[in-house]
Amino acid sequence: MNAGDWLYVCASHGEDRQCCAIDYIIHTVDGTSALLNNPRHFPGRTYIPNASLRQFGSIARRLSRIFVHAYGHHRDVFEECEAQTSLYARFYALNAVYELISTESLPALDADAAKRAGLTPEGEPLSLAGRDGAENDGQGDEYDGFVGRGPLPGIGKKELQLHGD
């Protein structure tokens, strides 16, 4: 699959093998789903072993290639889907907040998409509850919950600890 100037081989084949973009996307999404549902790596929905934390960066990197490809090769479809779902804006915000991958390699968000994703116009995360020690009561704040969609299930309004702290 091509994304920008890069050619990516598909990891699902067990060898360095190229496949077309739609197959790469299907393999990546299927592989991500299988990994996240693997009890060896993720034994429960509320606990993530420290050894499994590194998987998030790898998942984000692979998923980012799908967005870069869609943006570069199918911009009209990308923008139509983004206007309806804000999926890319939420993915971008997740990476900006948790620093899974560098957002410099991702297509920039416009100001409206950034706002929908809970980011400043520059693409920086708005302050999260608990990050500065203050509790967010959700009353009159610009940002309440995660990427404009409400708090993460089971986590509430506290910041998710991804580093085993």
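Cβ atoms are placed via backbone N, Cα and C, with glycine included.
Because TrEMBL annotations are produced automatically, they should be read as predictions rather than curated entries.
Per TrEMBL, the features are:
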BINDING   H69, H74  Zn(2+) binding site
REGION    120-165  region 'Disordered'
COMPBIAS  156-165  compositional bias 'Basic and acidic residues'
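Between the listed binding-site residues, namely H69, H74, the fewest other CB atoms within 10 angstroms of a CB are found at H74. DSSP assigns H74 (Zn(2+) binding site) to coil in the three-state reduction, outside any helix or strand.
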